[in-house]
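J.: This structure is in structure tokens; I'll ask about it shortly.
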Amino acid sequence: MTALKNDRFLRALLKQPVDVTPVWMMRQAGRYLPEYRASRAKAGDFMSLCMNPQFACEVTLQPLDRYPLDAAILFSDILTIPDAMGLGLYFETGEGPRFKKVISTPADIEALPIPDPQKDLGYVMDAVSTIRRELNGRVPLIGFSGSPWTLATYMVEGGSSKDFRKTKAMAYDNPQALHLLLDKLAQSVTSYLNGQILAGAQAVQIFDTWGGNLSAAAYQEFSLAYMRKIVSGLIREHEGRKVPVILFTKNGGLWLESIAEAGADALGLDWTCEIGDARRRVGDRVALQGNMDPTVLYAKPEAIRQEVARILASYGQGTGHVFNLGHGITPEVDPEHAGVFINAVHELSAQYHQ
């Protein structure tokens, strides 16, 4: 494989020295970009975009052609695993993701297969290798998956949910059944991420979007325990380099100390945490990724720069920080404002890496 021309993202995750703070954005390939909207129209719909490696590669690279980002992230969806388990993922306009089949009984869980990354999710592996080839060493490629708890909520609720009542009821009424589901998902996520690493992903992130909706005890039992299990089964070195792992629990700021013990290299932070406090709490155990409120991008350019400066100052001197938003960039953001954000990170962070 081609040598990396820009490896500061990987270096920061491993707490190695960098010249400036690296930056990328969750959902950086997305609807805020007119070129993404054109590709999606050409593909026909969201799933066709995900399932065609050429289209997935095209949209993954679009933000890199526009901005000096320090990493690319695979364009895909977190629900590819439940879809490969036979649940029939589809998207309703204005409704978000839905499943044709819903998991409601222990028998449903028993019947679920563990997908084979090559056979059942080959289109994702093909996308990873295509993107990696097209990147030609420009920046590292991030692979990703949803966390077992987050995937389970969609499978049990049948789609998005405000209160996760069916999944939480299962946690209290029939924890054995939920543990079986989470265990199958942990096995599936481990082999899926390892497949992405072997196909060319140079770092991986686990998105625990809904872990922060659990009580402290339930988070430990039903979310963190399974992420820990995944991390322990991941390929951590490939092509002569370490493959860093990032865990991101949205609204997980209360539990940073225990997440830092899960074995990952970095923790993603949402914008409700103060990054300087988070750094003091986790010490030197892990790098931190985040954590500007995505809606700051609706403000004027000078306000965006001020918030970038504030977050950089809060983190302070030295490496171990990957700048990102605290969640995905939203569709109505002006692409010019995203550019202001990215340039500000590089420009204003050099003083912290003397």
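Backbone N, Cα and C atoms are what each Cβ position is placed from, and that goes for glycine too.
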J.: Per Swiss-Prot, which of HIS321, HIS327, HIS337 sits in the substrate site along with ARG27, GLN28, ALA29, GLY30, ARG31, ASP77, TYR154, THR209?
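T.: For substrate, Swiss-Prot names ARG27, GLN28, ALA29, GLY30, ARG31, ASP77, TYR154, THR209; of HIS321, HIS327, HIS337, the listed one is HIS327.
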J.: Report the same-chain neighbours of ARG27 (substrate binding site): residues 6+ apart in sequence with Cβ closer than 8 Å to its Cβ, ordered by sequence.
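T.: Listed in sequence order: GLY328, ILE329.
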J.: Rounded to an integer, what is the Cα-Cα distance in Å between HIS327 (substrate binding site) and ASP77 (site 'Transition state stabilizer')?
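T.: Just about 15 Å between their Cα atoms.
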